[in-house]
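Novice: Just dropping this structure here.
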Amino acid sequence: MWPDDLYRIMCRGNYIEILSAITNYNLHKHGANQCENESIPFTAIHQALQLRQIDIVKELIQQNPKLIYVTDHRRNSTLHTICITPNVMDIVISLTVDCDIILDIKYASIILNKHKLGEACIHVLKEGISGNEISYNKINKSIEYMKLIKERIQQDELLIAEMLLKKGIDVNAKDVYCRTPIHYAAERGNTKMVNLLLSYGADVNIITLDDLSVLEYAVDSKNIDTIKAIIDNRSNINKNDLSLLKAIRNTDLETSLLLYDSGFSVNSIDVYKNTPLHYAVQAPSLSRLVPKLLERGIDVNAKNIKGETPLYLMAKNGYDTENIRTLIMRGADVNAADSLYITPLHQASTLDRYKDTVITLLELGANVNARDYCDKTPIHYAAVRNNVVIINTLLDYGADIEALSQKIGTVLHFALYGTNPYMSVKTLIDRGANVNSKNKYLSTPLHYACKKNCKPEVIKMLLDNGADVNAINIRNQYPLLIALEYHGIVNILLHYGAELRDSRVLHKSLNSNMFSFRYIIAHICIQDFIRHDIRSEVNPLREIIQSDDTFKSIWLSCKEELKDISKIRINMFYSLDIFVISKNMNLLHHLVNNPIIKEINTYYFYNYGDRLKTSISLASNRHKILEKSRSKLDEILDSSGWSKLPPDIKLSILEFIGNTELRKICNR
């Protein structure tokens, strides 16, 4: 019989069957082969203890009193085993039972641990191995019953533990990890077991191989009664351990206050060089603890392994401006940077809801133009997250709107990297950002907008505000060449005067996006259509098109469609082709309300439909802005000579003004 065979019988057998199996169990033959990493003990006494088979334990000890001194492969004494709650999932997997049973036990243990009923998992394990139903729903509906099971198991554990202690078991015996039974009892938050072990002389100052004390294990249990028991029963407890730090790290306010009032050190440091204050400032629920830690003289400028100070972490979490003021008044360096030269203000600038934190830091001396390791200032952090509120706040306090970072560029470049750049880009432009600023690669914001496939309204906003549609960067790339994957942007760029500088636009668009490819050829066809009477000029791209059958077939299709468009008369002076070839919005807005234009279905034109649609939309938008501006000026200048001018003269005057400036008039 192997250890796992005996274990199965321990789970499902009756008293007689279990004792009979133990009698036939040959420890010397099979125990030596037991893998040390397995969760199943190889001794009968430890198996019985692990499964809380109390009657079996008593019988075995009665037959052989020396069994209480037997240890398992991890040097766990019998007292260790009764104090440890076994990991039922490791056990059930080791037993290689049916997958359905494994899943049932897994879900049941999740529910029980959620309700802090870990001890009841032992009952579930035995039920599952015995073949009894332990479904998720059954366990979920039996929480009260499981609480009774837990109480019964804990009572049995106390009886066995006291019996072992009375028979002389070493209360401070250490396992391979140098843990004593009270370490495990404290970790479980088993207050009654802790009190029992303390009454028999358990040493709470024994440190394990991972440098943890009994109290630190108890702190992780978050059981305040267990923690009080350890503190109250041992006057010689070491108060310089990490107990207070761990309680704060666990955001356990009750335990933190108890340990603080008990005099535990506030200057402890963990392996990451964090102090209790580092953790306290990150949890809103612990805000009342911050002034208490400061009263004890904790180092307010202590840096962890990343170079972060408590103020830095508080700014990063963006809450409690009162405690931010308190920290700074107590000497916290408002500009203390981490190992990457990121300051508290950089961190606070990441979210709109941190506005109060940003203002507090700025009012108390934060450098609004501090630079990190990539030369990014706080406004770069706000821009890349499209935080308009923070952008405006930083600008109000003197942030450099043209600050240039090493890699990406200016604030406007960063804004285009965000997920929703429209409002932040608009804000920056309205506040004077240069739309043609260049980074070290000579790329403009328009280059980035094309690369990031920004929405059409963002592209148009840049172009309407003077972005150079033909700017070339250090890699000899212009916006149109970068945007060829995105035909919607290509259409806009061509409409705003993008030049077809070389054959790359043809070959790259053919490989990237067929719609872009058609737009390019259609645009060349328009140029040829406009210049048909200029014999001296030869378009080199046209020669390339004529030399390739694929290119040529699309060219001919565009040419025929353009002829069809030119046959549609708008009035006696203009045909529909004016909306294809002209970029003069002051001309087109006079034509856009023509009934023929309103009836045009742009989807009918395969090659020029999108171009027509864009042109009509821009003309319509121009007309609306002009009319709205005229009405607004009529209100403002009601008593002046302006009101006496004919409407068409007013429009003619306003046509000299761009859309951006007209919008400012409309918004007055």
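Quick reminder: no glycine exception, Cβ is built from N, Cα and C everywhere.
Pulled the feature table from Swiss-Prot, pasting it below:
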type   : residues : note
REPEAT : 40-69    : repeat 'ANK 1'
REPEAT : 144-173  : repeat 'ANK 2'
REPEAT : 177-206  : repeat 'ANK 3'
REPEAT : 210-239  : repeat 'ANK 4'
REPEAT : 272-302  : repeat 'ANK 5'
REPEAT : 306-336  : repeat 'ANK 6'
REPEAT : 340-370  : repeat 'ANK 7'
REPEAT : 374-403  : repeat 'ANK 8'
REPEAT : 407-437  : repeat 'ANK 9'
REPEAT : 441-471  : repeat 'ANK 10'
REPEAT : 473-502  : repeat 'ANK 11'
REPEAT : 571-602  : repeat 'ANK 12'
Novice: At least three Cβ pairs under 8 Å linking the repeat 'ANK 2' (144-173) and the repeat 'ANK 1' (40-69), pairs spaced 6 or more in sequence?
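Specialist: Stretch pair touches.
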Novice: Taking only the residues in the repeat 'ANK 4' (210-239), give me the average pLDDT of this model.
Specialist: 86
Novice: What does DSSP give as the helix, strand and coil breakdown of the repeat 'ANK 3' (177-206)?
Specialist: 17 helix, 0 strand, 13 coil
Novice: Could you pull out which residues elsewhere in the chain have a CB under 8 Å from any CB of the repeat 'ANK 11' (473-502), counting only those six or more residues past its ends?
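Specialist: Residues 438, 441-444, 446-447, 449-451, 453-454, 456, 459-460, 463, 508-509, 512-513, 515-516, 519-520, 523-524, 541, 583, 610-611, 614-615, 618 contact the repeat 'ANK 11' (473-502) from elsewhere in the chain.
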Novice: Six or more residues out from either end of the repeat 'ANK 7' (340-370), which same-chain residues have a Cβ under 8 Å from its Cβ atoms?
Specialist: 307, 309, 311-312, 314-316, 318-319, 321, 324-325, 328, 334, 376-379, 381-382, 385, 387-390, 393-394, 397-400, 403
